Amino acid sequence: EENLKRQKEIDEWLPITSSRNAKWWYSAFHNVTAMVGAGVLSLPYALSELGWGPGVAILVLSWIITLYTLWQMVEMHEMVPGKRFDRYHELGQYAFGEKLGLYIVVPQQLIVEVGVCIVYMVTGGKSLEKFHDTVCSTCKQIKLTYFIMIFASVHFVLSHLPNFNSISGVSLAAAVMSLSYSTIAWGASVAKGVQPEVQYGYKAKTAAGTVFNFFSGLGDIAFAYAGHNVVLEIQATIPSTPEKPSKGPMWKGVIVAYIVVALCYFPVALIGYWMFGNSIEDNILISLEKPAWLIAMANIFVVIHVIGSYQV
């Protein structure tokens, strides 16, 4: 009884469980914000390292695998009657024991979350820099470090919002931005057309280089689909009863989110690689210079979207 009382007090204090009144559409745009990020812009580059056949196969397979594993997470949230696993380490403790579960789960969580936050801060800073240079090409150059610090400062302030429900507006905006800049990326690529003397196939001149590039491409695609880090916390905000468990609205939101993911990922990856081939940059927006106003808009959309990553 003492343990249950203590757990109840913790649940009432934790930001993720202090308010359980989210609807299915909260699940949709929170999951889009968590999944679709800076990684989508590097997908054409990943295909240039993998080639058409393996690249398309891995892109589709990753979409299927991540959807399946997310379904597993949704099902596991309430697999024990009367208990909700609202955080990853609780699942780890249930599976491996109280102490061992923490040692297994927490270090991996920290590596993923710190790595994602670093990548997003750098991406946000780069997009701010690209926006500045595009709209004011005659202005004095500003170091990338300063743009990263500006972006990180916004993250620092927003991370003090109390819970997921209080950031739903930002997550909705971020979800809309992800669809917008993805559409701009592949639309501007189509407008630019297939580049002269475009080349496909493996870029490396040695077998070792080809293998290295192949695994690098796999890593790019894996990072683009790295959206599971807040799944349990998202579901924790949804009300649940024995008659209407939280997995119903959560899964409905996930399906909508993954349709949006497909609409963002596949056109950008396939059209970007088709138009630029092996000359594609690691960020497709860098390969696109005109029209300047549209590219500037896409970069500011990226900034608004990755601001939502503070939910991590």
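Using N, Cα and C of the backbone, Cβ positions are placed for all residues, glycine too.
TrEMBL entries are annotated by machine, without manual review.
What you are looking at is a predicted structure, and each value in this text was computed from that prediction instead of being measured.
Per TrEMBL, domain 'Amino acid transporter transmembrane' is recorded for 21-312.
Look at TrEMBL and you will find 24-43 (among others) tagged as transmembrane segment.
The transmembrane segment annotation in TrEMBL covers 50-71 (among others).
Taken from TrEMBL, the feature transmembrane segment covers 100-123 (among others).
The transmembrane segment annotation in TrEMBL covers 144-161 (among others). For the transmembrane segment (144-161), same-chain residues at least 6 beyond its ends with a Cβ under 8 Å from one of its own Cβ atoms are 117, 121-122, 124-126, 128-129, 132, 167, 170, 303, 306-307, 309-310.
As annotated by TrEMBL, transmembrane segment applies to 167-188 (among others). Same-chain residues lying 6+ beyond the ends of the transmembrane segment (167-188) with a Cβ under 8 Å from its Cβ atoms: 22, 26, 28-30, 32-33, 36-37, 40-41, 158, 161, 260, 263-265, 267-268, 271-272, 284-285, 288, 291, 294-295, 297-299, 301-302, 304-311.
Non-local neighbours of the transmembrane segment (254-276) in the same chain are 25, 27-29, 31-32, 35-36, 40-41, 43-44, 46-48, 52, 55-56, 59, 63, 67, 70-71, 74, 175, 178-179, 182-183, 185-186, 189-190, 192-195, 198, 200, 224, 284, 287; each lies 6+ residues outside the stretch with a CB under 8 Å from one of its CB atoms. Residues or ranges marked as transmembrane segment by TrEMBL: 254-276 (among others).
Nonlocal intrachain contacts for the transmembrane segment (291-310), taken as residues 6+ away from its ends with a CB within less than 8 angstroms of a stretch CB, comprise 33, 36-38, 41, 116-117, 120, 123-124, 127-128, 130-131, 134-135, 151, 154-155, 158-159, 167, 170-171, 173-175, 177-178, 180-181, 184-185, 188, 285. According to TrEMBL, the transmembrane segment annotation covers 291-310 (among others).
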